[in-house]
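What follows is a short report on a single structure.
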Amino acid sequence: MWRPAARVSILDVTAVLREQGADIERTVAGIERAAAAPEHPKVYRRRSGRAMAGVAGGLADHLGIPVLYTRVAFTLLAALGGAGVVAYGLLWIFVPQVSSDEPAREITGKERQQAFGLVALGLGLAIGAGTLAGTVNGWVAGSTSVALVGAALVWREADQGQRRRVRGAVLGGGGRSAIIRVLSGAALVAAGIIIFLISSIGLDQVQFALLAVVAALVGVAVITVPWWLRLVRDLGDERRARIRTEERAEIAAHLHDSVLQTLALIQKQADAPREVLRLARGQERQLRSWLYGPSGYGRGAADGAGLAGGLLAEALARAAGEVEDTFAIKVQHVAVGDCELDERLFAVVMAAREAMVNAAKHAGVAEVSVYAEVEPEKVTVFVRDRGKGFDPEAVPDDRHGLADSIRGRIERNGGEITLRTAPGDGTEVQLHMPRAKVTT
Amino acid sequence: MSEKRLVRVFLVDDHSMFRAGVRAELDTLTDDIEVVGEAGTVGEAVAGIGHLRPDVVLLDVHMPDGGGAEVLRQSRKAYPEVVFLALSVSDAAEDVIAVIRAGARGYVTKTISSQELVTAVLRVSEGDAVFSPRLAGFVLDAFADRPGAAPISDPELDLLTPRERDVLRLLARGYAYKEIASELFISVKTVETHVSSVLRKTQLSNRYELSRWASDRRLV
């Protein structure tokens with residue numbers, strides 16, 4: 001991570017630098033936050049203290065109620081046409097497991113017994129209710145439940161495998177017992193399918209073959225769900241990591257090209273305060289437009305194409321920047337509202353720039369204020385300094401700045417200019433320009 | 001006026017360089033201000049403010065662990081008599097408005113001249129609000145009535161009076177209070193009243209939450 005350099009002792013520059021440091025941290029933190037934790041607390045499945053997949057436990061933790069309630073709720077729902085079983089399965093698939101850094105929770109033997117009892121009861125209720133209601137016949141219910149138990153075994157093993165993978169092992173990797181569990185789960189799924197098929201032996205051969213193929217595919221799909229999910233999640237993780245790296249590289253490159261170069265220049269010119277100030281201001285402005293500007297960093301890259309084109313506030317800021325650079329004064333510019341530049345507004349910007357230049361040259365002050373307000377019907381720009389001021393009547397005829405560059409420009413485009421000045425009282429140039437009717 | 005109480009200032013900024021700079025400037029420039037302490041983290045700041053009970057806290061907007069807004073959240077309720085002035089180089093409207101809404105009495109940029117900083121500190125210590133031209137621009141932008149702006153639910157809070165708008169415009173144009181007063185033919189006290197009222201509206205109005213103005217400047 002790039003750290004603000006502590007060697008340069010000019011306040012302005014450090015202020016800019018430290019701000020930049022904070023912003024990288026903020027940007028990266030923002031990306032990480034977006035990648036990892038949304039604003040609302042997320043549901044996670046429990047990793048320890050679970051009976052099956054930790055769905056009920058995780059839900060209970062999320063809702064802040066005892067786990068027994070959620071388990072009973074799932075059991076009761078299971079009786080309603082197996083809704084509880086389906087809900088549990090879906091949550092198992094879509095809710096991620098809590099990270100393995102979480103401390104393991106202790107559970108008593110009694111709670112464990114209770115949980116397994118409820119699981120059995122739920123399955124029994126689902127099958128029983130289904131059979132009684134006649135929606136499914138005994139064969140289908142029986143085979144489905146056998147297959148479900150098998151799938152549950154495989155999925156549970158996959159959950160375990162995911163934890164082991166963190167320690168370096170690949171698929172499962174839990175030794176022989178894990179392989180046995182996966183295999184027996186797969187066998188149970190297969191058995192369920194076979195039982196289901198046997199029940200439909202009455203069908204003719206083509207139908208039976210079709211059914212067998214479909215059933216086998218479903219079986220494979222069910223068993224491999226955890227691996228598919230893992231694949232998708234890994235892909236997502238990888239993508240996020242790549243985006244983050246690219247983002248970092250881009251920030252580093254930009255800092256190198258701009259801030260570090262300027263710092264080097266400043267160190268070389270440390271005995272010329274005016275030059276240092278100019279460099280620092282220029283760098284600050286560039287950084288600001290990169291970070292916060294309308295076409296700046298994070299809002300899609302679009303480089304400013306000179307003064308023409310783009311938005312009014314941006315063009316004014318660029319003009320102010322140029323004046324700052326050329327005359328080593330500070331131009332405080334504020335814009336309220338914004339709009340696309342057209343020919344008239346371009347004239348306003350150029351006139352405002354000329355007014356700034358006049359102030360910088362003649363007023364003898366270190367700061368000029370520029371204020372632009374965009375309203376639906378018109379655009380108003382004020383350029384003001386607290387400097388010498390002058391007597392408009394006493395301006396020699398050979399000075400063209402105000403007459404041509406400002407008044408002429410504005411009036412040719414249908415605008416108006418007001419000048420307020422008096423010797424010793426500063427100068428304010430007010431530019432008013434009606435806006436072209438926007439056809440929408 | 002001769003028996004003026006010393007204004008006790010507490011500096012919060014995560015960069016010791018910057019704190020040292022401000023401290024040196026305030027010490028040399030004026031005798032009315034005394035820097036009583038400084039802090040570099042949110043935790044230190046909250047503890048220091050509670051312990052020292054300064055008159056004014058100069059608060060950096062950007063710090064690790066939540067920044068100035070977090071310091072405000074944690075200490076403003078407990079010590080309502082302490083006044084906060086935000087000090088930052090950030091130009092992002094959302095940052096600026098966030099600290100103002102959290103309770104800061106004003107916002108100035110770090111590139112402000114030392115003399116202006118002294119004036120700003122003295123002014124907030126007397127209970128006034130301090131609006132830099134930029135902040136005035138942001139607030140005008142936020143209260144502007146444009147297509148896409150948030151609806152007005154409470155006219156008392158969600159609208160600026162024409163007079164307040166005039167004052168803000170002049171602030172944004174770089175006018176000092178005294179200049180605004182003579183421009184509008186009102187007293188400086190009245191200008192202060194308008195600015196305080198705008199500050200109150202900025203803190204209480206819900207138009208900020210509803211409109212997206214801070215992240216993308218709406219086109220008129």
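Each Cβ is built from the backbone N, Cα and C atoms, and glycine gets one as well.
As given in TrEMBL:
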type     : residues  : note
DOMAIN   : A:42-97   : domain 'Phage shock protein PspC N-terminal'
DOMAIN   : A:343-401 : domain 'Histidine kinase/HSP90-like ATPase'
TRANSMEM : A:75-95   : transmembrane segment
TRANSMEM : A:115-133 : transmembrane segment
TRANSMEM : A:139-158 : transmembrane segment
TRANSMEM : A:179-202 : transmembrane segment
TRANSMEM : A:208-229 : transmembrane segment
Top Cβ-contact partner of the transmembrane segment (A:179-202) among A:75-95, A:115-133, A:208-229 (pairs under 8 Å): A:208-229
Taken over the domain 'Histidine kinase/HSP90-like ATPase' (A:343-401), the model's mean pLDDT: 84
Per-state residue totals over the domain 'Histidine kinase/HSP90-like ATPase' (A:343-401) - DSSP helix, strand, coil: 25 helix, 16 strand, 18 coil
